[in-house]
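A.B. asks: Pasting a structure here, questions to come.
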Amino acid sequence: MGAASKVIHIILRVFEVICSVIVLGLVARFLHLVSQAGVSADSRIVYAIVTASVSTLFALVFIAPFIYAYLAFPMDAILFVMWIVVFGLLTSRTGSAMCNASWYWNYWGYYWGGWWRVPDLTVWDMGYGGCASWRAVLAFSFLAAMAYLVSAILGAVVVHRYRRKNSPVTTRDISAPIPQSPATGRPETAQVHDPRAPPSAPAQQTMGTAVDV
């Protein structure tokens, strides 16, 4: 693990915490207002706050640039998918109309501004008070997804290099010198036994005999 990967890892984690906390705070405030109005919460908003909560906890736990933080890159990939789903689900509520969509006027903007307390409310009274918060939720959801995507890629690369560097050598080092025979000075070669060859006859030992003269 190089110094550059550690710095990038910490920057990504801090950015992930910032994005997650912003979405968590905005959505939590909206759900609080919805509960005060006594209406049911949109399931997509609930999914967003669950994702933001898990994301914040994960980024804080794995913020230190140790090897275990890089080994968690599969969870980074999962959180990337979760944030992309959050962004897609919330964007589909308003579409390209954004703060001019009927869902915004009847749900997010209506309850964000606490307009259920105002009798005889008109569209002109509401204005776009909740538009900035809605845009912020969408923007930081997308940014969080991109940050977790980069974290997953970085973790996979670092883990791959770490395992390759620390893996035991299973093949002979080609740079090592070849042993030579002390008798001939030539490289030693392994003798291969041919199973089809007949067994060699044992060497006969010659013995001297005494001759009587």
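Just so it is clear, glycine is given a Cβ too, placed from its N, Cα and C backbone atoms.
Grabbed the feature section from TrEMBL, which reads as follows:
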COMPBIAS  202-213  compositional bias 'Polar residues'
DOMAIN    8-154  domain 'MARVEL'
REGION    170-213  region 'Disordered'
TRANSMEM  12-33  transmembrane segment
TRANSMEM  45-71  transmembrane segment
TRANSMEM  78-105  transmembrane segment
TRANSMEM  136-159  transmembrane segment
A.B. asks: Can you work out which residues elsewhere in the same chain, 6+ from the ends of the transmembrane segment (12-33), have a Cβ less than 8 Å from its Cβ atoms?
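C.D. replies: Distal contacts: 41, 45-46, 48-49, 52-53, 55-56, 59-60, 62-63, 86, 108, 111-112, 114, 133, 136-137, 140-141, 143-144, 147-148, 150-151, 154.
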A.B. asks: What does the DSSP secondary structure composition of the domain 'MARVEL' (8-154) look like, as residue counts for helix, strand and coil?
C.D. replies: 124 helix, 0 strand, 23 coil
